[in-house]
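Notes for the one structure printed next.
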Amino acid sequence: MNSPRHNWTKDEVLAIYNKPIMELLYDAASVHRRHNDPNEIQVSTLLSIKTGGCSEDCGYCPQAARYHTDIEENDLMSIQQVKAQALRAKATGSSRVCMGAAWRNVKDGPEFDQVLEMVRTINKLDMEVCCTLGMVTENQAQRLAEAGLYAYNHNLDTSEDYYEDVISTRAFDDRLNTINHVRKTNVTVCSGGIIGMGESLEDRAGMLVALTTLNPQPESVPINALVAVEGTPMEDEEPISIWEMVRMVATTRIVMPQTQVRLSAGRTQMSQEGQALCFFAGANSIFAGDKLLTTPNPDINEDKELFALLGMNTQEPFSKKEQPKTTEAIDSRFMDLGEKPKWTRPGHTIERNEKAKQKAKAVRKPTT
Ligand code: SF4
């Protein structure tokens, strides 16, 4: 088994992506079975613990407060609610619970303390706990680690070049800085992106190059297909074809042989045969649950049926890395520093984001 390479070039990655499909599938499947059990699949449940009202302007996201979408906003869930959902996820075969909060970044205070308690609670249920809370400082990452966090998700979303066409409220480097902060702890890194946002193939390759350059490479890489939600700047983007997804998964598998490649948003648009091709090409993880934050996802029974049909087994928690220990808040070595970091706000204008914002303003304007 060779170690993962960190010096892939965009041209090399593009050449892989554009191979004749039979060759690409053969190469990806060969790499996959050299490094992973091809019949094993890891299942994560994604839970939106705080929904909507986000100050960011991510062009793909219905949770951005500045766009008008029909999502239902919700304040931070209680620990009891999260525990009940985690138990449900465990009973239906998930090994991991990923908690997502629609925040630009973490701010120290009671809400973060509550999230830390949720992490402790789920880790004590012997499930892998992941959080996606926006940008975090090093101290915040340490506090999450101490609570027993297994993984932190922070997607690069797209290439560095295309990033400024998608988001104007933060910079690509902010993403890398957060990943670096997480890497200073024993928490694993989950980072991937979205295809179908109008990016070029060079951008897809650029995103993969950026992910492979991370050393170590992320332990998991979610590959999302855009779900174009009405009211967002990307509402008119055409859905990507299954072949684009298969190519992206296969290329990801070849350049990141040991990572868990996760089929994420957009799975409802994929047939069983399409998903099977992705598994053959190296996808070995999915998000389960009837909703992915705010967008639809296949029912858990459909997933179980598919795994049975394909003869795939679900992965046990902590098969890849041992369970982190949970330190109680009272014994914490890392204190609440009262951090309210500002991070970068480039603030350039993105035409389609601006249009969606104006449209939302017009809808909300009270009639006189
Ligand atoms: S993707 Fe996250 S940061 Fe961006 S608008 Fe949505 S909730 Fe906010």
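Note: Cβ is positioned from N, Cα and C throughout, glycine not excepted.
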Practice item. According to TrEMBL, C98, C130, C190 bind [2Fe-2S] cluster; so which of R5, R262, R267, R333 is the extra one listed there? Key: R262
Check your understanding: For the binding-site residues C61, C98, which one has the sparsest Cβ surroundings, going by other Cβ atoms within 10 Å?
Key -> C61
Review point. By Cβ distance under 8 Å, which residues at least 6 away from the ends of the compositional bias 'Basic and acidic residues' (333-357) in the same chain are close to it?
Key: 57, 59, 66-68, 104-105, 107-109, 112-113, 135, 137, 139-140, 142-143, 146, 164-171, 173-174, 231-235, 327
Study note, to complete from the structure: A correct count of other C-beta atoms within 10 Å of the C-beta of R262 ([2Fe-2S] cluster binding site) gives 25
Check your understanding: Between 0 and 100, where does the mean pLDDT of the domain 'Radical SAM core' (39-267) sit?
Key -> 96
